[in-house]
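Novice: Structure provided below as structure tokens; questions to follow.
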Amino acid sequence: MSRCAQAAEVAATVPGAGVGNVGLRPPMVPRQASFFPPPVPNPFVQQTQIGSARRVQIVLLGIILLPIRVLLVALILLLAWPFAAISTVCCPEKLTHPITGWRRKITQTALKFLGRAMFFSMGFIVAVKGKIASPLEAPVFVAAPHSTFFDGIACVVAGLPSMVSRNENAQVPLIGRLLRAVQPVLVSRVDPDSRKNTINEIIKRTTSGGEWPQILVFPEGTCTNRSCLITFKPGAFIPGVPVQPVLLRYPNKLDTVTWTWQGYTFIQLCMLTFCQLFTKVEVEFMPVQVPNDEEKNDPVLFANKVRNLMAEALGIPVTDHTYEDCRLMISAGQLTLPMEAGLVEFTKISRKLKLDWDGVRKHLDEYASIASSSKGGRIGIEEFAKYLKLPVSDVLRQLFALFDRNHDGSIDFREYVIGLAVLCNPSNTEEIIQVAFKLFDVDEDGYITEEEFSTILQASLGVPDLDVSGLFKEIAQGDSISYEEFKSFALKHPEYAKIFTTYLDLQTCHVFSLPKEVQTTPSTASNKVSPEKHEESTSDKKDD
């Protein structure tokens, strides 16, 4: 009898190894209940429904209000420019020193008045709640949720504190001069040291004892639809100084202000807002939050505490989405997937699975190659089997079910990334690859023939007529598979890790099902693996 036939016979003696008796198969280790889906699946989309009656109202009001408001805004900007010029004349380009004396007093007073006048001319009715803290009480304002470019109204209400802005914005004619008048912290996208310099500048200003203006930061770093608070970036919390949370609400029947990655454009929102009779906005200044010693040393802890307080006051949940999710959304769209397919809650994924953005982006390319043929950008069991070049079998369904965390019959990108990291990568170690190769190499000649490859997979998957020629040719450079080819393929395709280790589980189950005296008998086959040694290596559990 050939070694391949012997291997198949051994697998066949395992309880439940036969087709149709999968209930007795050694079950794949169940995953831990973790990585719960976020309470808000996509905070970066806004779909405002405008009825026919409302459309007629917008058109009628727009005929009168739109040109008037555009002219008023332009006039106010022109009036503000001379004050901004007086404030910034002879100031160094990098704003190394604060604007002081009469220039600061006159220009701040004039610009605050003109700022309020501009938002009033746009139709905004502003309600202010709470007490604004002094620079000594709270050097930093943190405003959320950040949902629109109109959120600049918080800066006007707070007394024109400094803001963090891109360096390119300061070069825009007219607008750039007005921006420089509030002494912003400028961030450069081309300077590799920009992040470090920005943090150092924030620390310098917030610890100046009131010499510099207060700083207003939108810690979310991007706009959302106000349905939740996403991850707060730690920049505003690194100095370890007291901060004052600022809540922003837009309690209007028709939302014409929300500016997200999927929704109305800048021009469309301006036109819709200007065509409203009025737009309500509430700016609430919460009590100052003073960090304790632990929070001073851990800005992420301080940021999370402040975020939770703000979310509780707003009555909305928090999620671990961040700006990197927006970048993944754009990448998903470029790969012809639905944009929302790229959402993974990047903060949680990167922290728990130790993945950086480049790693997740690489997985998105892999995911797109599988899901591009399906509707909705999700992987079904058929696409899963086609990608693995294997038929739909009971073992494959078990593996698919482990990826499918919410049991909806499909795998989304978030589930795919978690599955690779938690289920496949722990089983894809050098040791496991070596053991798997030895099991496939039945005659122990250092190479796997197509007959050996087919026999072991047929036995482990319980599919006696399995055709693996396509998969074999993808791995092998010639008529057989060397260890280097096997290892290279396993590392590039961690999805196969569970398939390759299924046969190990079968052998383990077989050994433990034998009488004790047989279990203790030394095996003469050099390519058998010890159950005790393998017990840990096949686990797909991972602490969260």
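Note that Cβ sites are derived from N, Cα and C of the backbone, with glycine treated the same way.
Values in this document were obtained by computation on a predicted structure and should not be read as measured data.
From Swiss-Prot, for reference:
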- 1-57: topological domain 'Cytoplasmic' (TOPO_DOM)
- 58-78: transmembrane segment (TRANSMEM)
- 146-151: motif 'HXXXXD motif' (MOTIF)
- 220-223: motif 'EGTC motif' (MOTIF)
- 391-426: domain 'EF-hand 1' (DOMAIN)
- Asp404, Asn406, Asp408, Ser410, Glu415: Ca(2+) 1 binding site (BINDING)
- 428-463: domain 'EF-hand 2' (DOMAIN)
- Asp441, Asp443, Asp445, Tyr447, Glu452: Ca(2+) 2 binding site (BINDING)
- 518-544: region 'Disordered' (REGION)
- 530-544: compositional bias 'Basic and acidic residues' (COMPBIAS)
Novice: Would you mind pulling the DSSP three-state label for Asp445 (Ca(2+) 2 binding site)?
Specialist: coil
Novice: According to DSSP, which of helix, strand or coil covers Asn406 (Ca(2+) 1 binding site)?
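Specialist: Coil, per DSSP.
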Novice: Same-chain residues six or more away whose CB lies under 8 A from the CB of Asp445 (Ca(2+) 2 binding site)?
Specialist: none
Novice: For the recorded Ca(2+) 1 site formed by Asp404, Asn406, Asp408, Ser410, Glu415, name the remaining residues of the chain with Cβ within 8 Å of the site's Cβ center, in chain order.
Specialist: Arg378, Phe403, Arg405, His407, Gly409, Ile411, Asp412
Novice: So what's the average pLDDT for the motif 'HXXXXD motif' (146-151)?
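Specialist: On average, pLDDT over the motif 'HXXXXD motif' (146-151) sits at 95.
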Novice: By a 10 A CB contact count over all chains shown, which of the binding-site residues listed here is most packed: Asn406, Ser410?
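Specialist: The largest 10 Å Cβ neighbour count belongs to Ser410.
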Novice: Whole-number Å distance between the CA of Tyr447 (Ca(2+) 2 binding site) and the CA of Asp404 (Ca(2+) 1 binding site)?
Specialist: 35
Novice: Pick out which of the binding-site residues Asp404, Asp408 has the most other Cβ atoms within 10 Å of its own Cβ.
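Specialist: Its Cβ has the most other Cβ atoms within 10 Å: Asp404.
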Novice: Of these binding-site residues, Glu415, Asp443, which scores lowest on Cβ atoms within 10 Å?
Specialist: Asp443
Novice: Under an 8 Å Cβ to Cβ limit, what residues of the same chain, 6 or more beyond the ends of the motif 'EGTC motif' (220-223), are close to it?
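Specialist: Distant contacts of the motif 'EGTC motif' (220-223): 44, 144-148, 229-233, 258-261, 322-323, 326.
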Novice: List the Cα distance (Å, whole number) between Asp441 (Ca(2+) 2 binding site) and Asp404 (Ca(2+) 1 binding site).
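Specialist: Pair distance, Cα basis, whole Å: 32 Å.
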Novice: With DSSP, how much of the motif 'HXXXXD motif' (146-151) is helix, how much strand and how much coil, in residues?
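Specialist: The breakdown for the motif 'HXXXXD motif' (146-151) reads 3 helix, 0 strand, 3 coil.
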Novice: Between Ser410 (Ca(2+) 1 binding site) and Asp443 (Ca(2+) 2 binding site), what C-alpha distance do you get in Å?
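Specialist: A Cα-Cα distance of 40 Å.
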